Amino acid sequence: MLVNFKLMLQKAKLGKYAIPHININNYEWAKAVLTAANQANSPIIVSVSEGALKYMSGYSVVIPLVKGLIESLSVKVPVTLHLDHGSYDACIQALQAGFSSVMFDGSHLPFEENFNKSKKLIEIAQKTNASVELEVGTIGGEEDGVIGQGELANVDECKQIASLKPDALAAGIGNIHGIYPKNWKGLNFPLIETISKITNLPLVLHGGSGILENDVKKAISLGICKLNINTECQLAFAHEIRKYIESNKDLDLNKKGYDPRKLLKEPTQAIVDTCLEKIDLCGSRNKA
């Protein structure tokens with residue numbers, strides 16, 4: 001059964017830990033993420049971007065896939081199925097299809113338009129008991145074609161968006177999607193603390209891959225309650241595929257090394273291992 005993330009983030013905020021949000025890209029990803037969460041007894045947010053949703057052939061595939069895996073793997077922990085960086089229309093479609101949570105990314109819009117669409121979306125989400133994450137200040141890097149420069153969120157705008165009472169707030173705090181460049185300035189900790197105090201909302205750290213562990217832990221102590229991970233899982237997956245191919249295992253005809261199930265076994269385990277590392281970094285182990 002899918003749940004919204006309202007209660008899990010409220011508990012995380014009180015307990016000063018975070019909930020891992022892991023983007024999935026296919027069947028192996030979904031299975032690995034749910035396996036890790038169940039193994040660690042951790043609540044989990046299974047997330048899909050619009051691009052991944054299209055790649056996986058849409059809502060009619062993704063929702064039954066996740067629900068089916070929850071049942072077949074006997075997953076006992078709370079699971080949220082979340083649309084990541086959705087447009088207004090995509091969020092409505094996701095809610096109608098059965099997602100238990102959506103993130104409306106209106107950060108690239110004029111603030112008034114972002115505010116008004118956010119307000120309408122929250123009203124719609126309440127009808128299906130779904131959670132809503134909103135964004136103020138564009139996150140750096142690229143996410144499904146949307147490019148942000150890593151700007152810092154306007155505190156007054158954060159306060160206004162918080163008045164809508166979303167379940168989580170993603171604010172630009174110097175974070176970047178993808179691999180962090182060597183000249184990255186780092187997270188703006190004073191801004192995280194300020195936004196947390198004035199909004200009293202669970203805050204979200206997008207672009208969580210590649211940030212120093214101590215910095216992530218400090219951010220969590222200041223109010224980050226949801227850590228978004230994608231790139232690190234992709235890198236771990238690709239690394240294991242490269243190892244398999246470069247060792248010529250795919251050319252072993254006697255052992256049927258060309259079997260995709262054998263090719264994907266270690267890469268899938270690498271996602272499980274990465275998720276377990278992030279669960280421990282977040283402090284969500286045994287918090288289900």
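Just so you know, glycine gets a Cβ as well, placed from its N, Cα and C.
Here Swiss-Prot flags Ser49 as D-glyceraldehyde 3-phosphate binding site. In the three-state DSSP scheme, Ser49 (D-glyceraldehyde 3-phosphate binding site) is classed as strand.
Other C-beta atoms found within 10 angstroms of the C-beta of Asp84 (active site, proton donor) number 26, with every protein chain shown included. Taken from Swiss-Prot, the feature active site, proton donor applies to Asp84.
Under the heading Zn(2+) 1 binding site, Swiss-Prot lists His85, His177, His206, citing similarity to another entry as support.
In the three-state DSSP scheme, Glu135 (Zn(2+) 2 binding site) falls into the strand class. The annotation Zn(2+) 2 binding site is assigned in Swiss-Prot to Asp105, Glu135.
Positions annotated as dihydroxyacetone phosphate binding site by Swiss-Prot, on the basis of similarity to another entry: Gly178, Gly207, Gly208, Ser209, Asn228, Ile229, Asn230, Thr231.
A coil conformation is recorded for Asp105 (Zn(2+) 2 binding site) in the three-state DSSP classification, outside any helix or strand. Close to His85 (Zn(2+) 1 binding site), meaning Cα to Cα within 10 A, are the following binding-site residues out of Ser49, Asp105, Glu135, Asn228: Ser49, Asp105, Glu135. Packing around Asn230 (dihydroxyacetone phosphate binding site) is summarised by its Cβ count: 24 other Cβ atoms lie within 10 angstroms of its Cβ, all protein chains included.
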